[in-house]
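S.K.: Have a look at this one before I ask anything.
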């Protein structure tokens, strides 16, 4: 890093800043949801749409971000990403209704979807290959700090100011970041293949409509027949994409990806696995505040051990997988995460609050080992010619499954809690207990998929992707 020119180091700082903004926003909002609900006159049971709208938008827009950067230029797209994210933050702070807030989060999600992948692409273009790993480590470090600061910072802002400030703080830093991007970042443009617009639209419609159908009856009052029509339309869009990809060699995601067994199995497991684990960051701060009566700041502090556990486990997960293999690690961590989530609920309802940080630390460790293993299992055997496409599809599936997870969590809360629940009451405890029991079952189910992973304790066990050919 020290051998790089000053202008390149400044460009890396800009990318790191973008990573920090995006990662901070993924965790800072969850702590503020109960306060948002009170301010907007909504039930806390409906506030999951604030999270779903952002994550689903990121999932939909991810496939287009790399192509746009190549076609229009990395500086132009990164600048646009920061501007859209900042404008979305402003509109979030100005929102007076839940629907306005959801629409503003969609705009924020468009910017967030482009920020991280375009940032990675920028590093690839400005840094010599020999220093790429060091540069990526540098720019992703702020992205790891964001989730650590987010819950506590969100709690402080909500408790001592108002929830609007979790969005307003993005505005000055966004302005500085946009100006620095425009002045300092080069605008690399390369020849690229034609964008698969029909495939992109089919996938986008399918993902959005299916998620809406899953949640529409509770939060939007859509009739069952309309929901059935939406579900059928979403499924039809996905099936049409598969037909399109089979006939079109330039499809957004080639079906040749699924000729690699570990990719197919890993992608299915990642999708199912992240539905369950995607519920936890949303449900935990909501339960601590609504179910147990914690203050926003206290609830935010309680999330820090989970992030620390996740960061610490990343240092040893390679050795664990090398020792036990993917199948054993994935099955054990999947079942372990379900048990730890039940342990968290039990400890909380028994009033043993002093044990909650330890349980959340353990939850973060187990979840991190599971995430790392799922990601590398999915990509490790792909041919080099399909590696980039496979990684993009995995990133999209990760965001989609997390949005579905939050949607299901909100749906479960609504089903058990009907319309309104009080803070720290016996009835509220029962609502969260039933919801958590269902969540534990959903978290555990992907173990059935991971049990089909080949026994790899003697081969293909290192978390790295070797060179492959078609």
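Glycine too: its Cβ is placed from the backbone N, Cα and C atoms.
Quantities reported herein were computed from a predicted structural model and do not represent experimental measurements.
The feature topological domain 'Periplasmic' is assigned by Swiss-Prot to 1-11, 70-76, 125-137, 186-196, 246-262, 307-341, 417-430. Annotated topological domain 'Cytoplasmic' per Swiss-Prot: 33-48, 98-101, 159-164, 218-224, 363-395, 452-470, in sequence order, evidence recorded as sequence analysis. Swiss-Prot lists 12-32, 49-69, 77-97, 102-124, 138-158, 165-185, 197-217, 225-245, 263-283, 286-306, 342-362, 396-416 (among others) with the feature transmembrane segment, giving sequence analysis as the kind of evidence.
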S.K.: Is the transmembrane segment (165-185) in contact with the transmembrane segment (77-97), using three or more Cβ pairs under 8 angstroms as the rule and ignoring pairs under 6 apart in sequence?
M.R.: yes
S.K.: Which sequence positions outside the transmembrane segment (286-306), separated from its termini by at least 6 residues, show Cβ-Cβ distances below 8 Å to it?
M.R.: 27, 30-35, 44, 47, 148, 150-156, 158-160, 348, 353, 356-358, 360-361, 363-364, 367, 421, 423-424, 428-429, 431-432, 436
S.K.: Taking helix as H, G and I and strand as E and B in DSSP, count the residues of the topological domain 'Periplasmic' (246-262) in helix, strand and coil.
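M.R.: Final tally across the stretch: 9 helix, 0 strand, 8 coil.
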S.K.: Any contact between the transmembrane segment (263-283) and the transmembrane segment (396-416)? By contact I mean 3+ C-beta pairs closer than 8 Å, pairs at least 6 apart along the chain.
M.R.: yes
S.K.: Please figure out which one of 12-32, 138-158, 342-362 racks up the most CB pairs under 8 Å against the transmembrane segment (102-124).
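M.R.: Counting Cβ pairs under 8 Å, the winner is 12-32.
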S.K.: Determine the mean pLDDT over the topological domain 'Cytoplasmic' (452-470), rounding to the nearest whole number.
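M.R.: Across the residues of the topological domain 'Cytoplasmic' (452-470) the model's pLDDT averages 55 on the 0 to 100 scale.
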S.K.: Can the transmembrane segment (197-217) be said to touch the transmembrane segment (12-32) if we require at least 3 CB pairs below 8 Å and skip pairs under 6 apart in sequence?
M.R.: no
S.K.: Under 8 Å between C-beta atoms and at least six residues away from its ends: which parts of the chain pack against the transmembrane segment (138-158)?
M.R.: 1, 12, 15-17, 19-32, 35, 116, 119, 123, 165-166, 169, 285, 295-304, 307-308, 310-311
